[in-house]
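Written below as structure tokens is the structure these notes are about.
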Amino acid sequence: MLDIVLPSAPLAAYLVIWLVSSLDLFIPILPPGTLLLAGGALAAQGDLNPILLGTIGAFGAWTGDLAGYRLGRRIARGLAHLHPEAHPRKSESRWQGWIMRHAFLALLIARYLPAGRTVAATTAGRLAHPWRAYTLAALTAELLWAGPAVLLGYLGGQFIPVEFMLGAALGGIVLTVLAALLRHRRTARRNGSAIPES
């Protein structure tokens, strides 16, 4: 059961958590929070170090945030070449202005929204939010996300059988993937029906 959710070797488990946390920005169906909960449960059994686990999860997610920012910068340059006269709509301007003023809060809230990290990171990059301020805000937000996730898993692992915790984590992963697939299928069907027949 343990090997299904996370590898039993600590080094491999840390690597999986780092990879999933960083790639989650580009593949939002990956469940880093669920893995951190499962890792916290394993840490309660003495298999993993909870502080190292939270740090690796946060730094993995931070790496993804920085890559998303860079992607946003590239998108901005591409759009500037394609549409030099384009101006954002009013609703976009409000959203973009809010991100510029409250980058930390935007990143922290985005952490808990489907594909929210992707939108927040690329928007910050597109708007050329100051790099240093962005990196600090992103790191703080990810530490505040990863720490409680590991702690919750750790406390759960103290009082709830680890097999149950890991089963719940595996169920969460399966449900996340299924929800993303269903959403994709529904969108594809809607787009297909919107195309007029010739």
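Glycine is treated like the rest: Cβ placed from N, Cα and C.
Annotated features, as they stand in TrEMBL:
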TRANSMEM  12-31  transmembrane segment
DOMAIN    31-154  domain 'VTT'
TRANSMEM  51-69  transmembrane segment
TRANSMEM  133-156  transmembrane segment
TRANSMEM  162-182  transmembrane segment
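Outside the transmembrane segment (133-156), and at least 6 residues removed from its termini, the chain residues within Cβ reach (under 8 Å) are 21, 33, 36-41, 43-44, 50, 53-55, 57-59, 61-62, 65-66, 69, 103-104, 107-108, 111, 121, 124, 165.
Mean pLDDT across the domain 'VTT' (31-154) comes to 85 in this model. With helix defined as DSSP H, G or I and strand as E or B, the domain 'VTT' (31-154) counts 101 helix, 0 strand, 23 coil.
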